[in-house]
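Quick notes on the structure that follows.
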Amino acid sequence: MKKIRRNMLFVPGNNPGMFKDVIAFHPDTVMFDLEDSIHIHEKDAARQLTKRMLDFFAYNQYGIETAVRINGWDTEFYQEDLETIVRSNVNMIRLPKVETKDDVIKVVQDIEKIEQTIGRKEKITLFCAIESAKGVLNAYEIATASPRVEGIALGGVDYLFDLKAVKTKDRHELLFARQMIVHAARAAKVDAFDCIFGNTTDLVGLEQEALFVRELGFSGKSAIHPNQIEIINKVFSPSEKEIKNALKILTAYKEFTKEQKGVFAIDGQMIDKPFIDNAEIILQMANVKSPLED
């Protein structure tokens, strides 16, 4: 069954207290950061702390997926990050500032070497952050660079700096990048994650932005504060109306398949395979049993 990701909570890798608190916050995915939030002189300590805490806390038993954002492959910290984190109890690595498929391929090759050396059985998956104009234009090739890639995410702040754009209240300057990310992710059949909402006290603004990007097609949104998780979950989870409609479609489909009919109508709407597939996804996200399982 595909992992359901609605949120990904950023946690600095040098904050010991936060590692335990993650269990109470219960994000879908927790992403411990070794990159932007860590001062250059604290990189080594953060790396070692993150590994120890990943090995100590069994986050997966609480249904929490673990990820670590390492430093970029072109930095002096990359190799140590990779060597340490691949040896930890982590599920995923988030790659920053990915611009081409070659960036992904290089990291995958490096991961494979370490996995083979240590005899790691569980393959580490990847989530690629796209944070530049070049990366946006190459979003599809990044999303399809390796079977390990399970999602791509927009890094809005760095993208705006690279674009030399001006931040607006309605975030018009991000629209093209957001649409490119969604199209690339959906074409590649991986997750599409929106960037963070920086104002942790403006929960109304967060909900408005989350609703907008869900309408665009995003599957989830990154979070930088625990108080953002509940709102993000609400927005990116199926509504009662969507669940009810999905059950209606699948119940009707079950009856019609007994009569060996491929297409049928509900309330005047023709129902075919895409509707069936979407209804199944909705029930999976809502953790509701499908009528087709009976």
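Even glycines carry a Cβ here, placed using N, Cα and C.
Per TrEMBL, the features are:
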BINDING   R69, E131  substrate binding site
BINDING   E131, D158  Mg(2+) binding site
DOMAIN    6-226  domain 'HpcH/HpaI aldolase/citrate lyase'
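Secondary structure at R69 (substrate binding site), taken from DSSP and collapsed to helix, strand or coil, is strand.
The average pLDDT computed for the domain 'HpcH/HpaI aldolase/citrate lyase' (6-226) is 96.
Classification of D158 (Mg(2+) binding site) by DSSP places it within a helix.
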